[in-house]
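Student: My structure is below; once you've seen it, I'll send some questions.
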Ligand code: HDD
Ligand code: HEM
Ligand code: HEM
């Protein structure tokens, strides 16, 4: 029994670490692409320099994204052989197609980085486009496996045997489109807010230097606009995700909202902590009828409460906090980008007040936090099932006993890589200040990348 | 061809391509480390020129191999996943350090040397451990404890058969990569680097052949079933050995403009040598994936899944092929890239 907990901790740690780099790996290429397009449109070299610097950062991040992703893929078999046996028979397609997406990304990122000076601008733009598509596709496809865990389809189990396999029905399982869409738009949103964070920080540090300030201001506005658009889409789509929980995994929605009694006109609880004994959300804010409306667009929708399910199948109740955190951050970031846009484009102010700048700085880390909350909510909220109502997590785990040591070994490696990545990025951008890029680009006029 | 044979052939193809690309990849990392100290040669730069754009593509192949195993042979994946927990985890840890520090070493110029050492050494260890999967599938190393299959790691590490595989992996890695880098140096018209890599290939080739012989000898004692099977394919093995001789000749005959040897021919013949030998090995291994319990038949996936996967392979190949050709042209053939310093 103890081993299930360690295996879950190990896998959760791997995923929690990988996802930071994976999300940026999806989000940053989109920003690079937009910068490249802006450069073609405006012919302002600042955009070319942005593309170049973000590409460097992306190359460093890839150095961690790829090995941790490889770890995730192999660890699935090492830790959950029971699960992967089912996946292999029924749901292998997304993994397989994902390989092609990896290839597209790996081939074209190398071309973009190492052959930029030998190919035409349009070929360069095509390369970043393919990198963005490849990264987003790999995220969408792997999320499909996660969607399948929540809404399995395309097979039956008869006397312990898997029969009637329909791989395409499994691939297009009911929650695929909404879930994968959510992951993709939230990754684009996070990439944009992280760019905006860095830009805002640099603006605060370089108020005296007009040229540097203006450079980062352009990056900030790009980040805010792209982030604003995608955070709005994330919220819309997240709402649909919640409606799907209502339909397909009602106990997860009940746990997310701390709802015990099945009822129509159910209230939405914001904040607070779910108390198992008294069956209520303590210190939360209740909005009457709102949950019913959210679940199915009608106030008289009956929302199923936890009491309708045996307690052993309840998800852990702390997911309420994770769900609130994610939705709260999402709503806040929509407001923030809207405010930034208003200030700059409608009120036409050239600078932002310091408090607003610090909120922009917080935006990127907050978005990343929302990603972590979202995943931990989605995976932990599915417990005790690894495949909803088909296979228990405890039945999927490896029979091996000595997992604790591995947990510490992997955790140590993640700490090491995490620290190293931060140091490497800081080192590089200290050594290559913007001024140098300008000097270089003033003396040569062709080719973006040195 | 039945579905099962088709599946194992595709898997074999992936493993072979990965094996070749990985030897180049890890080997190039090792050479780049070995020659980093000497300022006189450009050998490190040549290795880095190969490594920088390719390591990600190579890495995708190992993911492709793992995915092909669990999508084609899920039951085999169950046993492999259980048995390989420890060695698999060690490989993953090494791989994480290796890839991370490889990238870091190119970015942080002040610490390039120590970072290159870390990635070079970890990369060098990976093939040595990765190859252990093969002798483990030959049987005799898996124990059943309370219904759970367990690897007897101690017996693996003391088995002459397994150790000869380790020797083979290490020497082949260095042999094939030095051969490829010799060819690469010739394209770059860097005679000094060329001579270094040519010399390395001449030294390591015989070592790799000897270790292959050692594998056969120990196989006779530790995996007789497989040895027997391989003897049925003796012809392939003999031709393979002949290709090795061709490689040797290709490296010593005089060429044009004072360059000794024809490295491109050497690369091709070595490639054929390894392909033939691994074909014989693979055929002899059938029908077992893991001897004696898991065969290709009892481990096979659902037929409907297999058909869908196979169609995806064909579509994927058609889509990706132009990308690979373009990549090849930009990095392996374009002199502007290969010759240019950094
Ligand atoms: C920047 C990140 C981010 C933001 C701002 C949001 N989400 Fe989200 N959410 C994710 C990032 C994310 C995620 C990390 O991508 C998850 C985890 C698993 C998944 O499918 O997507 C997720 C899962 C997820 C799920 C669970 C799906 C499942 O369990 O299968 C629901 C119901 C929502 N989200 C709903 C929302 C709502 C109503 C939001 C309102 C603003 C919201 N999310 C903002
Ligand atoms: C990338 C972001 C992800 C994060 C941060 C994440 C996080 C976690 C966490 C924290 C756990 C442990 C849950 C618990 O035991 O309470 C877990 C379990 C698991 N997740 Fe996810 N996960 C992610 C993505 C995925 C995806 C894409 C898949 C599907 C391919 C997946 C499949 C699983 C499986 C199989 C388990 C183990 C069994 C289980 O506990 O249900 N996860 N994950
Ligand atoms: C269990 C879940 C997951 C597995 C098994 C997994 C597997 C992998 C693997 C094997 C790689 C390395 C690919 C290579 O060798 O080039 C990788 C990288 C990556 N993954 Fe994950 N991943 C998981 C979750 C996710 C999620 C949820 C996302 C998106 C939000 C994501 C997006 C990416 C991206 C963008 C990369 C970086 C670069 C690349 O695509 O090559 N992954 N992942």
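Note that Cβ sites are derived from N, Cα and C of the backbone, with glycine treated the same way.
TrEMBL feature annotations, pasted as is:
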- B:6-36: transmembrane segment (TRANSMEM)
- B:57-78: transmembrane segment (TRANSMEM)
- B:84-104: transmembrane segment (TRANSMEM)
- B:116-141: transmembrane segment (TRANSMEM)
- B:161-181: transmembrane segment (TRANSMEM)
- B:201-221: transmembrane segment (TRANSMEM)
- B:233-253: transmembrane segment (TRANSMEM)
- B:265-284: transmembrane segment (TRANSMEM)
- B:304-328: transmembrane segment (TRANSMEM)
Student: Between the stretches B:84-104, B:233-253, B:304-328, which wins on the count of C-beta pairs under 8 angstroms to the transmembrane segment (B:201-221)?
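Tutor: Most Cβ pairs under 8 Å with the transmembrane segment (B:201-221) come from B:233-253.
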Student: If we call contact 3 or more Cβ pairs under 8 Å (sequence gap 6 or more), are the transmembrane segment (B:57-78) and the transmembrane segment (B:304-328) touching?
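Tutor: Answer yes, regions in contact.
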Student: Please figure out which one of B:84-104, B:116-141, B:161-181, B:233-253, B:304-328 racks up the most CB pairs under 8 Å against the transmembrane segment (B:6-36).
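Tutor: Looking at each of B:84-104, B:116-141, B:161-181, B:233-253, B:304-328 in turn, the most contacts to the transmembrane segment (B:6-36) are made by B:161-181.
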Student: Using a Cβ cut-off under 8 Å, which residues of the same chain at least 6 positions beyond either end of the transmembrane segment (B:116-141) come close to it?
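Tutor: Same-chain residues near the transmembrane segment (B:116-141) but 6 or more away: 22-23, 25-26, 29-30, 32-34, 36, 80, 83-84, 87, 90-91, 94-95, 97-102, 105, 151-152, 155-156, 159, 161-162, 165-166, 168-170, 173, 219, 222-223, 225-226, 285, 288-292.
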Student: So if I exclude everything within five residues of the ends of the transmembrane segment (B:161-181), which remaining residues of that chain have a CB under 8 angstroms from its CBs? That is, six or more out.
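Tutor: Same-chain residues near the transmembrane segment (B:161-181) but 6 or more away: 20, 22-28, 30-31, 43, 46-47, 50, 124, 127-128, 130-132, 134-136, 138, 141, 193, 197-198, 200-201, 204-205, 207-208, 211-212, 214-215, 217-219, 221-223, 247, 251, 263, 266-267, 270, 274.
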